[in-house]
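The block underneath contains the structure these notes are about, expressed in structure tokens.
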Amino acid sequence: MNFPGNWNTMQLDAQGRLRHFLTVEGLPRRILTDILDTADSFVVVGEQPVKKVPLLRGKTIVNLFFETSTRTRTTFELAAKRLSADVLNINVSTSATAKGESLLDTQKNLEAMHTDMFVVRHQHSGASHFMAQHAAPHVSIINAGDGQHAHPTQAMLDMLTIRRHKGAFDSLCVAIVGDILHSRVARSQIHALNTLGVGEVRVIAPRTLLPVDIESLGTRVFTSLSQGLAGVDVVIMLRLQKERMQSALLPSEHEYFQRYGLTEEKLALARPDALVMHPGPINRGVEIASSVADGPQSVILRQVSYGIAVRMAVMSMAMGRSPGARETAAKEPE
Amino acid sequence: MNRIAIRNGHVVDPSSRVDGVRDLFIASGRIVALGEAPEGFTPEIEIEAAGRMVCPGLVDLSARLREPGHEQKATIASETRAAVSGGVTTVCCPPDTSPVIDTPAVAELVRHRAKQSGRAWVLTLGALTHGLEGEQLAEMAALKAEGCVGVSNAGRPIRNSEVLRRALEYAATYGLTVYLQPRDPWLGQSGFMHEGSVSTRLGLPGIPETSETVELARCLLLIEQTGVRAHFCRLSTARSVEMVADARARGLRVTADVAAHQLHLTEMDVAGFDPMFHVIPPLRTIRDRDALRAGVAEGVITAVCSDHQPHEPETKLAPFNGTLPGISALETLLPLTLRLVDEGAFDLNTALARVTRGPAEILGIETGTLTPGTRADLCVIDTEQAWRLDPGTLLSRGRNTPFRGWEFRGRVTHTLVQGRLVYELR
């Protein structure tokens, strides 16, 4: 079972419970469903006048960000605070690592301060796996985005959004549109959608933005937006980085929007009740028209709210403190 | 000088087609006889080799010894000690030291240090271009005069095809072999592993097969035009093997080698993000690995080398793409080669030829054989001894190996360089 790339020996403890959350790939459906069920219960917490639960009181969580991020970092911070944990935000540009300290030294120094969890974003694929390999026994690692590899909490908040709007996954056709090549979000979404058993996962992009052999992850490939959107239930748009024009992957933003931008006209090709999603931040007029982003089918802002609930769920589960933890433990002897 | 007799060993020397139990006699640093002792030969040292194999010392086409310039990683003394413990009696050192071997002084320094350490022979390749920058020609004639056995740009790009053409012509003027490691300066330059389904899964930027084959094609055309004698270093793709086979069939004076790890590992091994598997050129597909093995078996590839690149531990203690490529490989060259025999990839004679006379012929040196009259560089191997690799026991300063825990059969018990016992397994 311990073949390279089987992360479950690292992500799950001996009882099969979540210990680190590094990637969606290979996790059993049971764990993903647990995350969604737990998150559902936290959605309510966010809607109450007092938004705190005491599940992680006394725990110290470090947000260790080597890449800039607003949404992901703030929603992780809010999630930790709503669980009553103490939160430390470390931004690399203002810290010792910028002076050449290695990732491992940074981690070990912070662990020496008796921290309990790291939420890490790093520009290198596999960085959170590296930290999990070197973590002290009581420390959990949550991947908040590693290179172009994975962004599992983003994928799970997308799954929560889909489930809350569509109910079951099995009959759905989901299209992911845009820069699949560089997207850790797309990779995690593809694994999550397939594990949860959706009918079909489509990826839609010009060939320059499609990684080699993306079909092997369980996707159907389209290079035409019109053909790819036909009959889909969910459209997930990806952000297009401006650097892609310089690296000879695309001719211009204009041509990209003409061919792959989501307009009302293109959206009409999907099912009438199709959801429009985007992990943000959005580039209006580059990958998505404002009228669609702000339109009735868009759930982009809901995704942000659900992001807090999903991160609360993952954090509490990894610390063994989820609201359902006692229940799960009681069921185990069966 | 010592007179040595190695008794009752199973002598295997592919170049002289000897394969049987023989006594071997050494005097004044040379092999003087195989089988019957010369008249009046009285050995001062006798080595009993019954049940063991006696073969030529290994010739390694590429080992970074890290000196001068990177002594925090390794030194000529530490690495030649590691070499002889693995049966390697000659190593060839690429010019990407610091400073670069682009002046006779640096080549002389390496030669001097190697002589001081007094174990394996250390040969050097001189730089093909000044500072390996790919712009101006290096002083190749002077480098040759100082003893450089060939010239190379050590995997650094020569973008300008006119510069490459002139560098090849100039090298040909002095009869120097040019060692080329084909890698396109643009394709996959920001990559870390083979571009394929595994890189897609891991989100690691890929290095496509064409990174190697496009550059190989450009080099082959310029080699044909200039008539230089050229050697291709570290082939990694099936297509490259085909291209070199075609070129040889058309009469081009080209040879090729492969790193031993490429004959065992594939892209699948990278799936755990373990930086020990970070190498350039990258580990490729099973199909590529099998084609490389076939290329070695059929003689398209006539040398298997270690591509030894020792590193200090910190260098590999980071996420995959934050690490430097390379394996500390001198001590696994022979075990990995013998393992291919056990796996049925080719026979023992072929395996030994690719690490002895094959590379020696490429370098243009007389060793890699046990023919009487040649220098006594050889090793004795206990072919039945099974052992498990523990990186902590490597003699190289670099413990960066992906073969931790691998089980091997066959262990060097004695190594002789110029008739001197430089290593003995205790």
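Cβ coordinates come from backbone N, Cα and C, glycine included.
Small disclaimer: the values here were computed from a predicted structure and weren't measured.
Feature annotations, reproduced from TrEMBL:
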BINDING   A:Arg71, A:Thr72, A:Arg121, A:His151, A:Gln154, A:Gly280, A:Pro281  carbamoyl phosphate binding site
BINDING   A:Lys99, A:Arg184, A:Arg239  L-aspartate binding site
DOMAIN    A:19-163  domain 'Aspartate/ornithine carbamoyltransferase carbamoyl-P binding'
DOMAIN    A:172-317  domain 'Aspartate/ornithine carbamoyltransferase Asp/Orn-binding'
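Annotated features, which come from TrEMBL, shown on the structure.
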| residue | record | DSSP (3 states) |
| --- | --- | --- |
| A:Arg71 | carbamoyl phosphate binding site | helix |
| A:Arg121 | carbamoyl phosphate binding site | strand |
| A:His151 | carbamoyl phosphate binding site | coil |
| A:Arg184 | L-aspartate binding site | helix |
| A:Arg239 | L-aspartate binding site | coil |
| A:Gly280 | carbamoyl phosphate binding site | coil |
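Put simply, A:His151 is the one of the binding-site residues A:Arg71, A:Thr72, A:His151, A:Gln154, A:Gly280 whose Cα lies nearest to the Cα of A:Arg184 (L-aspartate binding site). Of A:Thr72, A:Gln154, A:Arg184, listed as binding-site residues, those near chain B by the criterion of a Cβ under 8 Å from one of its Cβ atoms are A:Arg184. For A:Gly280 (carbamoyl phosphate binding site), the same-chain residues lying six or more positions away in sequence with a CB closer than 8 A to its CB are A:Arg71, A:Arg239, A:Ile300, A:Gln303, A:Val304. Sequence-distant neighbours of A:Gln154 (carbamoyl phosphate binding site) (same chain, 6+ apart, CB under 8 A from its CB) are A:Thr72, A:Gly145, A:Val185, A:Ser188, A:Gln189, A:Pro279, A:Gly307. Apart from A:Arg71, A:Thr72, A:Arg121, A:His151, A:Gln154, A:Gly280, A:Pro281, the carbamoyl phosphate site neighbourhood in this chain, defined by C-beta within 8 angstroms of the site C-beta centre, holds A:Ser69, A:Ala144, A:Gly145, A:Val185, A:Pro279. The Cβ neighbour count for A:His151 (carbamoyl phosphate binding site), using a 10 Å radius over every protein chain in view, is 28. Remark: secondary structure over the domain 'Aspartate/ornithine carbamoyltransferase carbamoyl-P binding' (A:19-163) totals 67 helix, 27 strand, 51 coil, with classes taken from DSSP. Long-range Cβ contacts of A:Pro281 (carbamoyl phosphate binding site) within its own chain (separation 6+, distance under 8 Å): A:Thr70, A:Arg71, A:Arg239. Counting residue by residue with DSSP, the domain 'Aspartate/ornithine carbamoyltransferase Asp/Orn-binding' (A:172-317) contains 62 helix, 24 strand, 60 coil. Site extent for carbamoyl phosphate: the farthest pair of Cα atoms among A:Arg71, A:Thr72, A:Arg121, A:His151, A:Gln154, A:Gly280, A:Pro281 sits 16 Å apart. Within the same chain, residues at least six positions away from A:Arg121 (carbamoyl phosphate binding site) with a Cβ under 8 Å of its Cβ are A:Leu64, A:Phe65, A:Phe66, A:Glu67, A:Ser69, A:Thr72, A:Arg73, A:Ala144, A:Gly145, A:Asp146. Confidence for the domain 'Aspartate/ornithine carbamoyltransferase Asp/Orn-binding' (A:172-317), expressed as mean pLDDT, is 96.
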